[in-house]
Amino acid sequence: MAQIISAARRKVKGRGGNYEDLDGHTDPAPQSPPDSLRSESAPHSIYGGDDSNDLLGQEIEMTSVSVVPDDTFTVTQAVNAFGFGKFQVRLSLFTGLCWMADSMEMTILSILSPALHCEWHITRYQQALTTTIVFLGMMLSSTFWGNVSDRYGRKKALTMCAVLLFYYGLLSAFAPNFLWILFLRGLVGFAIGCVPQSVTLYAEFLPTKQRAKCVVLLDCFWALGACFEVLLALLVMPTMGWQWLLALSTTPLLAFACICPWLPESARYHVASGQPDKALETLQKVAKDNGKPMLLGRLVVDDGSMGRRGRLRDLLGPELRRTSLLLWFIWMACAFCYYGVVLMTTELFEASANRCSEDGSLSSQLKPIETCSADCKELTTTDYIDLLWTTLAEFPGIFATIFVIERFGRKRTMAVQFVIFAICIYFLLICSAERSFLTAMLFVARGIIAGVFQAAYVYTPEVYPTPLRAVGVGSCSAMARLGAMVTPYVAQVLLNSSLLLAMTVYGLAALLAAVACFMLPIETKGKEMKESVSGPQLHRPQGNQPIGTATAS
């Protein structure tokens with residue numbers, strides 16, 4: 001039942017009075033009220049006479065409806081109206097720098113392990129532990145950072161993350177022994193657990209039509225970071241060693257920490273945390289930067305968006321339980337396969353001469369699990385160049401994902417890519433004397449699985465409502481780290497004893513994840529980001545004070 005609020009609207013000024021719609025167009029001021037507002041519930045007209053110059057309207061607002069009145073707007077409508085412009089370009093660069101730093105810290109894992117094996121004589125299991133400890137820190141911290149982000153803001157969480165990540169990353173370069181490197185790299189992993197929240201912040205400022213494309217393109221910065229790390233290792237490792245590589249790899253982290261004060265806070269977070277005035281200020285800044293007029297009227301929010309925020313158990317509520325459980329498995333399988341390819345690349349390059357037996361069949365064991373320092377093989381220039389080629393595979397994977405994700409949807413894109421990845425993995429079982437064949441298969445496999453990761457990063461923020469978006473992304477990231485913790489023991493230990501068994505594990509994980517993608521209950525293609533769990537009901541605070549009113553500047 002509509003409830004009529006006795007607040008006078010602006011008087012239409014002269015003949016030039018215009019109203020601005022959500023798309024930035026101007027329409028003539030209405031001369032008479034629409035017929036839909038002349039109902040039995042209001043027998044006496046609230047519009048008065050027919051003379052438009054003396055006409056005083058009254059604002060009509062619904063207390064529990066899903067249709068937003070003409071003189072109000074939501075954050076989603078504002079973001080869509082402002083479009084993609086200068087504000088989003090700058091935010092893309094800020095967020096991309098964060099992803100570049102994260103990528104460098106991840107890529108260094110495949111380079112650090114062989115170096116420590118040769119210098120400190122660590123075993124294969126200890127090499128795997130060097131990688132696992134980083135992912136353990138990420139897994140333990142992902143939901144923590146998600147909770148911090150939902151409760152205290154995306155900007156504050158990312159600022160803390162940048163400072164800690166730079167500090168512990170730099171200290172890792174001075175680690176005197178293996179225990180210290182484990183401890184410090186674990187703390188690096190703890191800080192990295194917040195990086196996915198940069199995607200949450202970024203996605204909340206993107207218009208619906210451009211959201212998927214922009215989030216996938218963000219992976220270009222990840223690929224650039226990985227390529228830069230390989231090139232840096234090629235220059236630094238032969239002469240200066242892994243300590244200098246760790247120290248120089250923190251440069252993008254320092255740059256991101258310095259620009260954090262200029263990061264915008266999410267307008268959706270401000271609304272969800274009961275700070276609509278700050279949300280209006282942010283939206284006015286977006287409009288100004290993009291050269292668009294600010295929407296006229298009041299900012300309204302959903303009932304659910306001002307309630308509980310950042311509670312992990314709400315992800316397992318009746319409406320989100322199936323989605324959350326399936327997404328957790330998909331993210332875990334995705335990270336398991338992605339980092340498996342990253343780690344097995346250096347392992348396969350090291351043992352490329354031993355892959356085939358004398359009779360031309362696949363060797364049952366690439367190399368002994370326990371090796372002494374005299375048997376260690378440091379990565380050569382050729383290894384680094386081939387590693388760079390496989391890293392470059394992420395670029396075609398990105399563009400392929402952009403091409404299909406808007407045409408076939410998020411669910412189908414992830415499922416098909418998982419199947420293609422499984423096929424590529426099984427091709428690695430073919431024994432070929434040509435190293436180019438090995439490089440090509442790893443190239444395709446890495447490009448495909450990188451595309452799956454980006455499709456998951458598109459889907460997850462879209463499917464969770466604003467009060468649970470950050471903790472939802474954080475919980476998925478935590479499950480991804482669980483898969484990443486296991487993968488070193490397959491890619492660095494099991495692979496050296498049985499290539500067939502290792503490839504079977506990765507192929508089976510990818511196929512099961514493809515089935516999970518098809519089972520997801522919601523397809524988010526073309527849909528708005530949800531503001532509440534229960535539904536899009538409008539909310540007004542107690543009393544007659546407006547949530548926020550925007551006026552033309």
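Even glycines carry a Cβ here, placed using N, Cα and C.
According to TrEMBL, the protein carries these features:
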REGION    1-44  region 'Disordered'
TRANSMEM  91-113  transmembrane segment
DOMAIN    91-525  domain 'Major facilitator superfamily (MFS) profile'
TRANSMEM  125-145  transmembrane segment
TRANSMEM  157-175  transmembrane segment
TRANSMEM  181-203  transmembrane segment
TRANSMEM  215-236  transmembrane segment
TRANSMEM  242-263  transmembrane segment
TRANSMEM  325-345  transmembrane segment
TRANSMEM  387-405  transmembrane segment
TRANSMEM  412-430  transmembrane segment
TRANSMEM  436-459  transmembrane segment
TRANSMEM  471-491  transmembrane segment
TRANSMEM  497-520  transmembrane segment
REGION    530-553  region 'Disordered'
COMPBIAS  542-553  compositional bias 'Polar residues'
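Beyond the ends of the transmembrane segment (215-236), by six or more residues, the same chain brings 92, 95-97, 99-104, 106-108, 111, 199, 202-203, 206, 244-245, 248-249, 252, 379, 381, 384-385, 387-388, 391-392, 394-395, 397-398, 401-402, 405, 450-451, 453-455, 457-458, 461 to within a C-beta distance below 8 angstroms of the stretch. If you look at the transmembrane segment (242-263), the same-chain residues 6 or more away from its ends with a CB under 8 A from one of its CBs are 91, 94, 97-98, 100-101, 104-105, 108, 111-112, 115-116, 119, 155, 158-159, 162-163, 165-166, 169-170, 172-174, 201, 225, 229, 232-233, 236. In summary, the transmembrane segment (387-405) lies against the transmembrane segment (436-459): three or more C-beta pairs, each 6 or more positions apart in sequence, are under 8 Å. Sequence-distant residue pairs (6 or more apart) of the transmembrane segment (157-175) and the transmembrane segment (91-113) include at least 3 whose Cβ atoms are under 8 Å, placing the two stretches in contact.
Tertiary proximity for the transmembrane segment (125-145) is limited to same-chain residues at least six positions away from its ends with a CB under 8 Å from its CB atoms, namely 105, 109, 112-114, 116-117, 157, 161, 178, 181-182, 185-194, 196-197, 312, 339, 343, 369, 471, 474-475, 477-482, 484-486, 488-489, 492-493.
Distant neighbours of the transmembrane segment (181-203): 91-92, 95, 98-99, 101-102, 105-106, 116, 129-130, 133-142, 144-146, 148-149, 154-155, 157-158, 160-161, 164-165, 168-169, 171-172, 175, 211, 214-215, 218, 263-264, 266, 457-458, 461-462, 469-470, 473-474, 476-478, 481, 529; these residues of the same chain sit at least 6 beyond its ends, with a Cβ under 8 Å from one of its Cβ atoms. Taken as a whole, the domain 'Major facilitator superfamily (MFS) profile' (91-525) shows an average pLDDT of 81 in this prediction.
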